[in-house]
Amino acid sequence: MVLSTLADIIYNLYLLIYYVLKTCAFIGYLLIDIVHHVSWLIKNAYDFCTVVYEDNRYFIQDLKSVVVGTADFFINNIATAYSASRSICENLSKTVAALLNFSNFIFNTAKQGLVLIGEAVWFLFTLPAQLVVLCFEFAVFEATQLKNAANALLMQLLGATTTLVHYTTHDVPLEAACGLGLLVLAYFCPSGIKIALRFMFKAAYHLYRLLHPVVQKFLSLMNAFKDKMRSFVSTILESNDGRNPLLVVIIRLCHGLHAHAAVIYDMLTSIYNMSLIRANDQRMDGGPAVRARRRETPNRSTIGLCIICEDNERSVAFVPCGHICACKVCSIHLCYHNPVCPLCRSYIQQKLEIYL
């Protein structure tokens, strides 16, 4: 049963293949036949056309030449006629435009001539009146300019006078004004000044003669008093030998005054020395321009600049605080004038010089 079914399937499969191959063969035969007939028809048509062309070749060429010549004739004649008509129209339009321009030129020339003639006649007719008006306007303009110049000069004089008065009353001292007045008076009236000078010289001479004996007497009295006081103090010192309490107090007071005077003298001496040192340093530094260049130049030294003046290099540190490092000039100022640290306000005991 199974074998018969399998045999039927195989038979049907081969039968299907047979029919497919038969159909393909039929289609191929049909296509070949169609191609053969089409090629035969094309070959016959080509042969027919060749025979007809060979038989009628001259007629066909003549017909072609006739058709082409007729077309060229009509095309060339139409183009020539169009070009001729266009050139005629352009020439006519140019001629008309030239005539119109010429007529306009003649009309404008005549009009401008008439206008110029009328203006010339009117100018000649109104010339005297215009000259009078022009002279009047020129006179008014000059008068206005003179008035403005006079006003400006007056304002300048008033301003100068006001400035002089203000300067004299506010800026110039009374002594200088009096001295200038005396100079002006001496210039304009030298005889009065001579009389005043003679009077002043005589008054000074008489005053000197009057006061000279008094001053001499006063100086002699002061010298005598000083000698007596010196002898009195030396006598007391030799007699009491320091056992009197009042004398001891007076001596201590004198020693204290002497010590304070010595301190003040030392302070003044240090200030004077500091000013001399600062002047020498400024002269060695080269003035403000060099210091300005030093300020502008970064990293001047590895140790840096003075924290106070910011001009010179650091060379001195202060003990015991050690807060700041200054230059020699500022260190002298701090140590001798105000020995206190600017930061912690502690007393500066001594200074330590720094060497690189």
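Just so you know, the numbers here start at 1 and follow the chain as drawn.
Cβ atoms are placed via backbone N, Cα and C, with glycine included.
TrEMBL entries are annotated by machine, without manual review.
Lifted from TrEMBL, the feature list:
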type     : residues : note
TRANSMEM : 12-32    : transmembrane segment
TRANSMEM : 120-141  : transmembrane segment
TRANSMEM : 148-168  : transmembrane segment
TRANSMEM : 180-201  : transmembrane segment
DOMAIN   : 306-345  : domain 'RING-type'
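For the domain 'RING-type' (306-345), the model's pLDDT averages out at 76. Residue counts for the domain 'RING-type' (306-345) under DSSP, split into helix (H, G, I), strand (E, B) and coil, are 9 helix, 8 strand, 23 coil.
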